[in-house]
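Below: one structure, written as structure tokens.
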Amino acid sequence: SISLNHKLLLKNMSKIPRHSPRHNHKQITTPTTAAAVIRLFFHDCFPNGCDASVLISSTPFNTAERDSSINLSLPGDGFDVIVRAKTALELACPNTVSCSDIISVATRDLLVTVGGPYYDVYLGRRDSRTSKSSLLNDLLPLPSSPISKLIHQFESRGFTVQEMVALSGAHSIGFSHCKEFAGRVGRNNTGYNPRFAVALKKACANYPKDPTISVFNDIITPNKFDNMYYQNIPKGLGLLESDHGLYSDPRTRPFVDLYAKDQDRFFKDFARAMQKLSLYGIKTGRRGEIRRRCDAIN
């Protein structure tokens, strides 16, 4: 159980400075960094626990998680931040801080730099010794998944519908590639504001030739973590099918309305859900290792 691990997790708490300037500097030079690291954190923790398995590189004998089709769009900025932090920590105190702890702390610190809520990060996670692309099948939520499936994916990991809607607020920052949504724009009854749909079609016109074309998840305040994402959805300014789904489903809609009205409540619930996610499926003691390099097992 998560609570039993809190004491184990506290023992390394003092090893990492509360605000490491290294990833904050990266955020200033590359403003997409915060969203990249939050997404990396989610793609690591949600499928099979926070164990830095997403960072491991493939070998000729094994296709790792990061080369699974759902992870190919993870931005390089996210990986870069973790590698830089790990390099600095290995020089200062070798073999002490795990890559999975670094992901959790960097996520929280970068969230704060873009205006998001602060929460305590418990430490002491170990890194996984395995990473297999084949084990990811159907474990990560897709933007095109129906809400019922998303709810089931979260509930099977112990997260409530409300926590799922709160965590969706990570779409307050960052961007999505046109291929994730362009096929739905302009179709009937998809929930897009008509003028927004026209603008999206224009922005994505060339995406079959250039798959890197992308659009901000929150077009109003794209680089600020706030509750604008929830205010956008009822106006038809949500980008992804899953965003519109949150408003058309009676199980999730009340929470969209709640967070659209009350940013403090959103911040409180988001921080609590992120802290809970950072403790999901963690490995401690001999069940994992502290990797010397984040992209390879020892």
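Glycine is no exception: its Cβ is also placed from the backbone N, Cα and C atoms.
Bear in mind that TrEMBL entries carry predicted annotations, made automatically and left uncurated.
Take the candidates Cys50, Cys93, Cys99; TrEMBL pairs Cys294 in a disulfide bond with Cys99. Non-local contacts of Arg39 (site 'Transition state stabilizer') by the CB criterion (under 8 A, 6+ apart in sequence, same chain) comprise Leu74, Pro75, Gly78, Ala170, Gly174.
Candidates Cys50, His171, Cys204, Asp218, Thr221, Asp226 (recorded positions) were compared with Asp44 (Ca(2+) 1 binding site); those inside 10 Å Cα-Cα are Cys50. The number of other Cβ atoms within 10 Å of the Cβ belonging to Cys50 (disulfide bond), over all protein chains shown, comes to 27. Each residue in Ser172, Ile173, Ile220, Pro222, Lys224, Phe225, Asn227, Met228, Tyr229 lies on the same chain as Asp218, Thr221, Asp226 and has a C-beta within 8 Å of the C-beta centroid of that Ca(2+) 2 site, without being one of the site residues. Remark: Cys45 (disulfide bond) has Leu277, Ser278, Tyr280, Gly281 as non-local neighbours, by Cβ distance under 8 Å and separation of at least 6 in sequence. Note: Asp218 (Ca(2+) 2 binding site) has non-local neighbours His171, Ser172, Ile173, Met228, Tyr229, Asn232, i.e. same-chain residues 6+ apart with C-beta under 8 A of its own C-beta.
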